[in-house]
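J.: Checked Swiss-Prot, it gives:
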BINDING   GLY185, ASP186, THR187, GLY188, CYS189, GLY190, LYS191, SER192  ATP binding site
COMPBIAS  76-85  compositional bias 'Basic and acidic residues'
DOMAIN    172-332  domain 'Helicase ATP-binding'
DOMAIN    368-536  domain 'Helicase C-terminal'
MOD_RES   SER749  phosphoserine
MOD_RES   SER750  phosphoserine
REGION    1-24  region 'Disordered'
REGION    75-94  region 'Disordered'
REGION    701-955  region 'Negatively regulates interaction with UPF1'
REGION    724-766  region 'Disordered'
MOTIF     279-282  motif 'DEAH box'
Amino acid sequence: MPPPRTREGRDRRDHHRAPSEEEALEKWDWNCPETRRLLEDAFFREEDYIRQGSEECQKFWTFFERLQRFQNLKTSRKEEKDPGQPKHSIPALADLPRTYDPRYRINLSVLGPATRGSQGLGRHLPAERVAEFRRALLHYLDFGQKQAFGRLAKLQRERAALPIAQYGNRILQTLKEHQVVVVAGDTGCGKSTQVPQYLLAAGFSHVACTQPRRIACISLAKRVGFESLSQYGSQVGYQIRFESTRSAATKIVFLTVGLLLRQIQREPSLPQYEVLIVDEVHERHLHNDFLLGVLQRLLPTRPDLKVILMSATINISLFSSYFSNAPVVQVPGRLFPITVVYQPQEAEPTTSKSEKLDPRPFLRVLESIDHKYPPEERGDLLVFLSGMAEISAVLEAAQTYASHTQRWVVLPLHSALSVADQDKVFDVAPPGVRKCILSTNIAETSVTIDGIRFVVDSGKVKEMSYDPQAKLQRLQEFWISQASAEQRKGRAGRTGPGVCFRLYAESDYDAFAPYPVPEIRRVALDSLVLQMKSMSVGDPRTFPFIEPPPPASLETAILYLRDQGALDSSEALTPIGSLLAQLPVDVVIGKMLILGSMFSLVEPVLTIAAALSVQSPFTRSAQSSPECAAARRPLESDQGDPFTLFNVFNAWVQVKSERSRNSRKWCRRRGIEEHRLYEMANLRRQFKELLEDHGLLAGAQAAQVGDSYSRLQQRRERRALHQLKRQHEEGAGRRRKVLRLQEEQDGGSSDEDRAGPAPPGASDGVDIQDVKFKLRHDLAQLQAAASSAQDLSREQLALLKLVLGRGLYPQLAVPDAFNSSRKDSDQIFHTQAKQGAVLHPTCVFAGSPEVLHAQELEASNCDGSRDDKDKMSSKHQLLSFVSLLETNKPYLVNCVRIPALQSLLLFSRSLDTNGDCSRLVADGWLELQLADSESAIRLLAASLRLRARWESALDRQLAHQAQQQLEEEEEDTPVSPKEVATLSKELLQFTASKIPYSLRRLTGLEVQNMYVGPQTIPATPHLPGLFGSSTLSPHPTKGGYAVTDFLTYNCLTNDTDLYSDCLRTFWTCPHCGLHAPLTPLERIAHENTCPQAPQDGPPGAEEAALETLQKTSVLQRPYHCEACGKDFLFTPTEVLRHRKQHV
C-alpha cells in the first residue's frame, strides 16, 4: 500500500514542477545530453527506422549539427533583413517552399511522442522543438535517400558496363529451351554476381548457387544482395556450415557444394529448387565432380529442374559433352589489356626445402611499382603464393618495407583467417597508399577484389595428395597449370590496364600442364565412397564421374571402410557405417563419437571430436614466443594433443562465462586463434544434435533456471544481443572501411581482439563472433559440461583413451628403439607403412618427449641379459595419431599415447601367436614377447571375451536405435546401463593389468619368414574354455589354427613350436583339485570350464562378482613360495617382487 501523501511531499512536488512551455524554450539546448536522450527515446525506438544507439543514430546527430550550423548562418543573415523572426526557429530549406513537406518523398512515417500515445517520454519536450526536430529528421532521411539513389545509379551503370550484361537475355532464352546451360566467361565478366540476378528478374524464386569455398558464399551473397536492393539475409542469403542467413523469404541462396550434397542425401529429388547454378566447375574439386554425376542422374527424373554450369573458359567441351552436348554461352572477360612481365629467378642449388621463401623478388616488384607509377594512380597489388608459410615469409619483409615507405598496406588472405581478417581485403587503402594482398589460390577464382591493377604470380601452388601405400596425406608444392596462370593474370586489368609479373620464364609457362589435375585423382576417397553408399547411387566403381578416379584409389577406400566396420563383406553399409555417413567428419572422428555414446563420456568425446575436426587453434607466431608457451603450459596434457585441446576449450568456456574477463585477450596471450574455438563450439553442438537425432544421446531438456527476475534478465540480454547482431549486419555492407597504414597481423586476430570491451551501442566495436556464440549456445550448459570434464577421474581418463584408441586404430606409431638417447627434436617414430616420422611442431610431445620414454625406465630394473631394444616392461606405449602429414618431413599430427599390449589385444585386426602364446604379432608388424606364458594366455582369453562383448553391445545399440527410428518392431534387446557399467569396469581392469613384455617392430625379412605355413596337423585342439564357442580350423596360408576372423593360434615360427603343444607338466586345479599333466593352454581351458570355479550367476550375484573383479586381476594365479612355505594369489610381477624379498 503506498504511503499517504503528506503536505511536505506536495510542497516538494510543487518545488520540482515541470517548467512551462516558455521556460522550456528559453532553456532549450540542442547539445545537452539529457535533451538528446529524451529525443532519442521519443523518435529512435526499437521499431523505428533509426534505432537508439545505432550507427545510423550517430550519423544523424552528425548531420543535425551540420544542418544546425547551416541554418543558424542563414538565420543570422535573415535576421538582419527581418528582425521579427524567432531566434531559435529552424526554417525550411531555402530552395523549398515553406508548405512543402519532404515526408511525401519518403516511404515511411516519422511519428512524434504525441502520435505514439507515449506517457512521459515527450512531456518535457516543447511542441515547437519537437516539430523542429521532426523536420530535421525528415531532411536527414531525404538527404540519405538522395545519396542512396545516387549510389544506385552508379551501381546500375557499373552493372551495365560488365561484359555479361549483353548476354543476359541470351542466357535466359537458352535456359528456357534447354535443361542444362554452360556459361563460360573469363575472369571479371560478372557471371557469378549477375546470372543469379537475371534469374531473379525473370521470375525464378528458388535458386541455389554453389561455391567451392565458404568465403565465396559470404562475399557473393553480400554483393548480390546489395546490387539487387535486397535486405541482407532476406531475398538473398547464404548457407554455410554453422551459419545461415537464409529465411522463408530467400529467393537466391549461396551455399557450399558439400551442403547441397547433404540436402540431396535427405531429399534426393531436391524439390526446394527450380534452378541450380554450379559455379567454378572448372576447378574440378572432389565434391563438384561428384555433384555433376548426381545431377546427371537426377535430371531425367526432374524435367522442371534447370542447371547452369558456370566455368572459366577452360576445357568447356568436357562439361558440355558430359550433359549431352549442352549449349554453351561464352562471354568475353576483361575489357582492358594486361601486360605480362616475365621475371625468372636464378636457381639456387643450395636452397633446401626447409628454408624460407626468399622475399626479395617480391620486394623488387613493390619497388618498381613505387618508382614507375605515381601514388595518385590508384591500383592495388595481388600476390599469389603457394601456402601460409610462404605468405608469412613475404608478409614479414613486405611490412618492413611498407613501414619504411608509408605507401603500402600489406594484408594476408587464406582460408585459415577469420572472416573479419578476410574482409579487410575488401576495404579501401588511404589516399596515396596501395594494398598489397598476399594470397593463396583462394583469390584465383573464388574471391574477386576490386581495384586490383597489379598481379604477381609465383607460379607455385600447394596441393594435398594421398599416398595409399604409405597411408599419408602429402602437401606438396607444384608448378601451376597454364589455365591457372591465365586465371591469375585475369585478376589484373578489371578496372583499367593491368600488369602481371610472372616470377618464372616464358619457357616454364610453355612447359606447364594445360589444366590442373582433378582433385578426385589425387586425394583419399574414403568419405566420398561412404557418402555414395549412403545416397544409394550404386557401385562407386561404375558411377558416371565426369572423369573417373583411379581404380586403385576406389579399392583402397572400400577396403579401408571395411576395415573400419563401415561396410560389411558385401560392401553394404553397416549400422555404424550408416551413422558415420551422417556425420560431417572423417571416419575415425565419427567412430569416436559413436563409441563415446556408449559410455558416460559423451561430453568430453564431443569436445575432443570437435577439436580434432578443425585446424589447430595454435598460431604460428606463438610457437616461437616464450611468453605464449609459458601461459599455455598449464593447459597442456601429458596424455596427448586431444587432451590439450580439450583443456583449452574448457578453459576458454570458463573465461567466456565470466563477464569480467576478456576471452580475446586471454586467447592472444596464449597464442590461440579464438575463431577456431568458435568453430569447435559450433561443431560440438552439431555433433550433439546428430547423436540426439539418432537416439544415441538423450535430448537436452530446456530447463527454466532461476526465478522470474533471472529469466527476465536472460530475455533482455538475448534481445540486446539480437539488436547488436542486426545492427552489425545492417551496417556491414553499407560502406567499406579505410585501412590503417600499419595493419597488425597476429595469426588471424581481428581489430576487435586488440580493443577492450566496446560500449553497448557501438556496432563498430562489437565482437560479432561473441554475439553469435552467445545467441547460438547455452553458455550455462557449456560451462557445466566444462566444469564436470575438468574433474575426470583416473578411470574415466583411461576409458576415454580406450575410446580414442579404438576410434583412431590402426593409425599407430611405435617409438624408435633409440629415442631415449636422441635430442628432443630428433624423436623418430614408425608406422606400419612409413618409417622415420617425426612429431609435428605443435604436438605437446614435441616439447616434452621424455613423457614417451620415461615410463620405460622400469625396464632397467629387470634382468639385463636381453638386448636394449627388447627390454621387458609393463609400460610400453604407442602413439595413436589423427593424421600423417608429409611436407618437408612426415609428421604425426594430434597424437595421444596409449598402452601398447592392451591396445593391440583389443583393437588389432590380425593377431598371430606361437604355441604357448608368449609371442604375439599384431597386424603383421609389431612383435610382443611376454615373460610368462600362462599370464599371456589369460590376458589373451580376457581380451577375446571383452572384444566380443564390446562389439555385441555396440551392434545391439545401433540396431536398436535404427529400429526405433524406422518405428519397426524391436528384435534386438537394448543395451542396459548396468551392462555398459560392467563392461566399462572390466575394460578398465584389463588395461590396468601389468605384465612384463617387450615390444619391437619387425623387419621386412622377419615378416617374410614369420609363419610356419600350411602343414599336416595331426589333431585340432579342443579348447572351449579358452576360445569360447569358436571352431578351430587350420589356417590355409599362415598355418596354425584360425580361431576368429582376427586371431590365428600357433602359426608363428619358433624353435620350440614343433613340440610346444605336447609338452605337459603336472598341475593341480585350485578349484576342483584335479591333478594331471596339462599344457599351459589346457590349464587355462580347464579353469574356465571347471564346474567348481566361480561362474556368472543370477543377477543377484553379479554385484559380488564385480567386487571380486575389482579386487583381483585376471593375471593372478596361485603361487606357493618354497622359501617361506606360504600360498599366495599373485600376478607375475608380484611373484618377482616377492622372490626379491628372499634374496
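We number each residue from 1, going along the chain as drawn.
The backbone N, Cα and C atoms fix where each Cβ goes, glycine too.
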J.: Under the DSSP assignment, what numbers of helix, strand and coil residues are found in the motif 'DEAH box' (279-282)?
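T.: Going by DSSP assignments, the motif 'DEAH box' (279-282) contains 2 helix, 0 strand, 2 coil.
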J.: Could you check what DSSP calls GLY185 (ATP binding site) once collapsed to helix, strand or coil?
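T.: In three-state terms, GLY185 (ATP binding site) counts as strand.
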J.: Using a Cβ-Cβ cut-off under 8 angstroms and a sequence gap of six or more, which residues of the chain neighbour LYS191 (ATP binding site)?
T.: ILE164, VAL183, GLY185, ASP279, MET310, VAL331
J.: Considering every residue in the domain 'Helicase C-terminal' (368-536), what is the mean pLDDT value?
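T.: Looking only at the domain 'Helicase C-terminal' (368-536), pLDDT averages out to 88.
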J.: Test of understanding: give the count of other CB atoms lying within 10 angstroms of the CB of GLY188 (ATP binding site).
T.: 22
J.: Please report the DSSP secondary structure of SER192 (ATP binding site), reduced to three states.
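T.: Where SER192 (ATP binding site) sits, the three-state DSSP reduction gives helix.
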J.: Just to be sure I understand the packing, how many Cβ atoms besides its own are within 10 Å of the Cβ of SER192 (ATP binding site)?
T.: 25
J.: 10 Å Cβ neighbour count around GLY190 (ATP binding site)?
T.: 22
